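Novice: One structure, as structure tokens, below. Some questions next.
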Amino acid sequence: MLTEADACHMARCIELALQGAGSVSPNPMVGSLIVCDGSVIGEGYHMQCGGPHAEVNAIAAVSDPSLLSRSTLYVNLEPCSHFGRTPPCSDLIIEKMIPRVVVGCRDPNPKVAGRGIMRLRDSGVDVYEGVLEAECLRLNEAFITSHTKGRPFVALKIAETLDGRIATADGASKWITGSEARREVHRLRSTYDAVLAGAATVLLDRAQLTVRDVEGRNPLRVVLDSGLRVPFDAPVFSSDAPTLVFAAGRMQGTTEASAAEKKGIEVVFVREVPGGLDLSQVLRELHRRDVLSLLVESGSRLSAAFVRAGLADKLLMFIAPKLFGADALPSFAPLAVEAPSGAVQLEFGQSKAFGRDILLEAYFQP
Ligand SMILES: NC(=O)c1ccc[n+]([C@@H]2O[C@H](COP(=O)([O-])OP(=O)(O)OC[C@H]3O[C@@H](n4cnc5c(N)ncnc54)[C@H](OP(=O)(O)O)[C@@H]3O)[C@@H](O)[C@H]2O)c1
């Protein structure tokens with residue numbers, strides 16, 4: 001039987017798991033709780049890729065191990081069943097004779113995918129699944145997308161005016177939102193594996209794409225620059241973080257390409273399609289490099305290109321209470337929507353105020 005207390009304990013697992021944001025990728029964020037006679041006797045989370053899993057930390061935090069044999073273990077993601085960098089958590093739960101396990105969602109990793117739960121049930125453990133499942137799936141949206149789609153989870157981050165404009169007619173966009181919203185962008189960057197921008201934005205905004213206003217690690221910086229026109233002394237190539245450039249195959253062997261090589265800047269050459277570089281190929285390459293989550297800080301064209309290619313998962317729209325008017329740059333270049341029934345469909349997620357601005361989350365519907 002599941003109770004309301006089970007949902008409360010799972011909510012705590014999610015809270016704990018979030019503490020691993022920015023340091024566990026390419027592993028998932030996982031939190032775990034051990035409860036005996038209604039009291040929490042142990043808590044833990046996965047702190048670092050390669051480090052002990054959440055269940056191991058929660059079990060280790062229990063001061064009286066004799067209580068484990070009458071406790072419930074809560075975990076937001078199915079316990080693993082394979083030997084990776086650490087031994088299987090399902091085996092540890094069985095060994096410690098924990099009789100009841102409550103799981104938020106299954107692990108889509110083909111090495112696990114239901115096997116962890118099966119192993120526990122085969123050993124007589126009572127396993128309950130699907131507690132706060134939607135929240136648990138959302139928590140690990142990047143990990144899940146990576147395993148189910150073979151590409152990073154893509155979030156488009158846009159700062160726009162109330163009338164949907166991201167820059168004035170001459171391309172000026174600094175600043176549309178206030179300092180609180182901009183600080184939140186820096187926090188977001190620190191939780192994503194990579195941040196991507198197009199050459200146009202990198203040149204016009206002299207974008208650095210680093211984490212500056214908050215504590216946190218810098219993500220990999222990714223620049224789409226078909227013709228290698230961004231100078232290699234631009235701020236985006238500062239020594240703060242690595243920068244990966246994607247360019248058109250036709251640029252291979254050019255003087256620009258050898259200048260990049262001399263500077264130690266890595267360039268990956270990909271196919272061109274109408275509108276620019278082949279975004280699917282870019283994402284496949286990032287997936288190969290263990291990039292699970294990608295924050296796209298795009299202008300009009302790049303945002304539209306990701307949407308038209310069906311490669312955007314989430315929209316992070318910072319809206320400022322300002323108007324720029326119709327001569328300014330719209331958030332999205334043409335999307336070829338011919339009738340209202342053909343609109344790109346999204347579903348609202350959370351919204352939050354940052355100073356005078358609002359962050360609206362929305363999920364692209366398949
Ligand atoms: N308010 C905001 O949130 C925000 C955010 C970012 C930018 N901006 C503003 O947006 C403006 C730039 O927007 P934009 O539309 O000109 O440029 P953009 O969308 O930022 O970037 C487009 C550039 O990306 C490169 N690219 C490579 N592959 C592409 C593909 N498949 N599809 C589309 N682009 C591809 C192209 O450069 P190459 O052809 O050289 O490869 C293209 O010039 C600037 O004024 C900037 O200040 C505002």
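Just so you know, glycine gets a Cβ as well, placed from its N, Cα and C.
Just so you know, TrEMBL annotations are computer predictions that nobody has curated.
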Novice: Of Glu78, Glu95, Glu285, Glu297, which does TrEMBL put in the substrate site with Ser173, Arg189, Leu209, Arg212?
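Specialist: Site partner of Ser173, Arg189, Leu209, Arg212 for substrate, according to TrEMBL: Glu297.
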Novice: Of the recorded positions listed here (His53, Glu55, Cys80, Arg212), which is spatially closest to Thr201 (NADP(+) binding site) when Cα positions are compared?
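Specialist: Among His53, Glu55, Cys80, Arg212, Arg212.
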Novice: Count the residues of the domain 'CMP/dCMP-type deaminase' (4-128) that DSSP assigns to helix (H, G, I), to strand (E, B) and to coil, and report the three numbers in that order.
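Specialist: Taking each residue of the domain 'CMP/dCMP-type deaminase' (4-128) in turn, the totals are 43 helix, 29 strand, 53 coil.
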Novice: Between the Cα atoms of Arg212 (substrate binding site) and Ala304 (NADP(+) binding site), find the distance and write it as a whole number of Å.
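Specialist: With the alpha carbons as reference points, the distance is 28 Å.
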Novice: Helix, strand or coil at Leu302 (NADP(+) binding site), per DSSP?
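Specialist: The three-state answer is helix.
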Novice: Sorted by position, what residues of the same chain at least six away from Ser226 (NADP(+) binding site) have a C-beta under 8 A from it?
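Specialist: Set apart from Ser226 (NADP(+) binding site) by at least 6 residues yet with Cβ under 8 Å, we have Ala199, Ala247, Ala248, Met251, Glu272, Gly276, Leu277.
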Novice: Using only C-alpha positions, which one of His53, Glu55, Cys80, Ala159, Ser300 is spatially nearest Arg189 (substrate binding site)? These are the recorded positions in the record.
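Specialist: Result: the closest of the recorded positions to Arg189 (substrate binding site) is Ala159.
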Novice: Name the one residue among Ala159, Glu297, Leu302, Ala304 whose Cα is closest in three-dimensional space to that of Cys89 (Zn(2+) binding site); these are the binding-site residues.
Specialist: Glu297
